[in-house]
Structures are given as C-alpha cells and as structure tokens.
Amino acid sequence: MTEAQTACATTETPVAAPAAPRWRVADVIALYELPFNDLLFRAQQTHREHFDANAIQLSTLLSIKTGGCEEDCGYCSQSAHHDTGLKAEKLMEVDAVLAAARTAKENGATRFCMGAAWRNPKDRHIEPIKEMIRGVKDMGLETCVTLGMLEEHQAKALAEAGLDYYNHNLDTSPEFYGQIISTRTYQDRLDTLERVRDAGINVCCGGIIGMGESRRERAGLIAQLANMNPYPESVPINNLVAIEGTPLENAQALDPFEFVRTIAVARITMPKAMVRLSAGREQLDDAMQALCFLAGANSMFYGDVLLTTGNPRAEADRKLLARLGMWASEASQLSA
C-alpha cells in the first residue's frame, strides 16, 4: 500500500454502530416493579407533560368483514381455524358502514375504526374501503382501519384516501409470539408497519396481555413498541377476552393491577402516544378503569360491541366519565 493509500485508509469515516435501543427489556421490567403508587405518579406526571389529563377520546370500532380469517391467532373468535360459532360474512356495503359511523358520531365518538378479518386484503377490496374512509372523514371523524398485512401499493392507496391511522398490532413479545400464532411471522407484522409508515399514515400498534405470557414478555412487547423509530402514535392495550372455542378459552384472568401497570409503563415509555383502553375493558370495574386513566390512558373504545366481543354500554361510559369529572374530547384537543 502506498503512503497516499495508507493516509486515505486511516482517514476514512468509520461505520457508525447501530443506535442502542431507547428502552431495554430490563429497563421496562424495572418500571413494572416500581411500587404501584410510584409507578402511577410517574406515569401521571409524564401524561400531564403532553396531554390534558382529564380528556378522553371516544373511539368506536366496527367489524366491516367478520369471520373466516385464514390466520390461526389463538385468541381470536374470527379465525377459521377455531370453532367459535361465528358465521363468516362478506365485506359490508359502504352505505351500511357510513350509517354506523353517523350513529357513532351521534353517540359522541370522534374516532371511527373499521376492522376486517383478513390475512391481507385483495386489491378489489381497497376501492370500497377508500370510499368508506372518505365518507367517514367527511363526517369529521378520525379514521382508522385494520385489514391485515398490506402491500406497498395498498398502503399508498389508503393514504391517498386520507386514512389517518392504520392498526396492525404486534400482539405480544417476539419471544412469546410463536405460542399464539403460527401463520404469520413477527417480521411480517413489522414489514406491514414499515409500509404504513412509509406511506405517510399514522401507526396504530399495540398488543394483548393476559394470554399466559410472563411479566418479562409483557415488558418485551412494550420495549418492542417503544423502540420503534418513531414509536406508534396510537397504542391500543387489549386485555384478553377468553372466547369459547379458541385455544385461549381457559386462559387464567390477568390481575387487574397488572393491566394498570401495563398502561402506566406504556405511557412512560411512549409519552406522546395515544394509549387506548381496547378489548377486555368490560372485565375491569369502574375503579380499575379510573386507575387506567390515572396511569395515562387517554382513549377508550366506546359502544356496545367491539368487533365480536362485548364492551361497556355507551351510557355507562358517559356516566363514568361524568363521575370522574372527565370529558370526551376531540383528538386535536387532547394535548396539554
């Protein structure tokens, strides 16, 4: 090597090492293990830095295509692999979906989510779903859809329709994932989320707890979410609803305090995200739901049916917020 080559070699810019994760699993476990009052105090402090602590966004979720899904998710009543007595239905007509959205708005919801039980949508499905998105947005509602895995061109088409959020949950930690589903890999989920992000759509991504996972595995889910760059704008936390006919029908109920802890840890690790109380909320009494709000939850799914599981009645939800001195708010009004 010549002197010039040697000089050139020694002055080359070294390749940067990959950035360290913002949250190690051990750090998330340490949050979980804080005394309950200390954890909630820290979560509430974080929450108040970014949001109006007494404002809750009300969301409604409609199943626009029910049952017959090719996936084998162990928790899901809509899987064709499980005998849950759920009849598979075709994609709803656009007018029927828009009628449901109008009802949701009349009942106080400001966010309307549409879910389809597919492994992935066919291209022929995208156009009617774009019509639904446009129609719901014309009502002044925030839009979210969950349709399974997406190809790049499908994500772009949804973005062109003005979709606000795309939901695609990780479900659980990478380590526990194989015990819940075998028909779709963890990387498949991450790839869809990347396509959604690249299309310019806000990411809605969370998981389900109470499926038999350990606290470490719950922490693994939160760390995975919090270390996304950027982390999701919307993080739904689901409490398993054990449905007869699914592999998890006999799952042991999660300690409600562990659910509250998970909400608090999600708030601390993803301070600017909307943390949403999702499926399984009916398993929490009013006092536990109030603790979830204290822990930093600032959205809840609202209405009588959440996909194919029950959800507290809308009137009961309104009364609960009134008793707590809290109020329903537009998404744009939630920030402090």
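Glycine is treated like the rest: Cβ placed from N, Cα and C.
Quick look at what Swiss-Prot lists:
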type: DOMAIN; residues: 54-281; note: domain 'Radical SAM core'
type: BINDING; residues: Cys69, Cys73, Cys76; note: [4Fe-4S] cluster binding site
type: BINDING; residues: Cys113, Cys144, Cys204, Arg276; note: [2Fe-2S] cluster binding site
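Everything Swiss-Prot records as a feature, shown here on the structure.
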residue	record	DSSP class
Cys73	[4Fe-4S] cluster binding site	coil
Cys113	[2Fe-2S] cluster binding site	strand
Cys144	[2Fe-2S] cluster binding site	strand
Cys204	[2Fe-2S] cluster binding site	strand
Arg276	[2Fe-2S] cluster binding site	strand
Around the Cβ of Cys73 ([4Fe-4S] cluster binding site), the count of other Cβ atoms that are within 10 Å:
22
Give the distance between the Cα atoms of Cys73 ([4Fe-4S] cluster binding site) and Arg276 ([2Fe-2S] cluster binding site), rounded to the nearest whole Å.
21
Given the [2Fe-2S] cluster site residues Cys113, Cys144, Cys204, Arg276, which other residues of that chain have a Cβ within 8 Å of the mean position of their Cβ atoms, reported in sequence order?
Ser59, Leu61, Arg111, Thr146, Tyr165, Asn167, Ser234, Pro236
Quick one: mean pLDDT on the domain 'Radical SAM core' (54-281)?
90
What are the sequence-distant neighbours of Cys113 ([2Fe-2S] cluster binding site), meaning same chain, six or more residues apart, C-beta distance under 8 angstroms?
Ser59, Thr60, Leu61, Leu62, Thr143, Cys144, Val145, Thr146, Tyr165, Asn167, Phe301
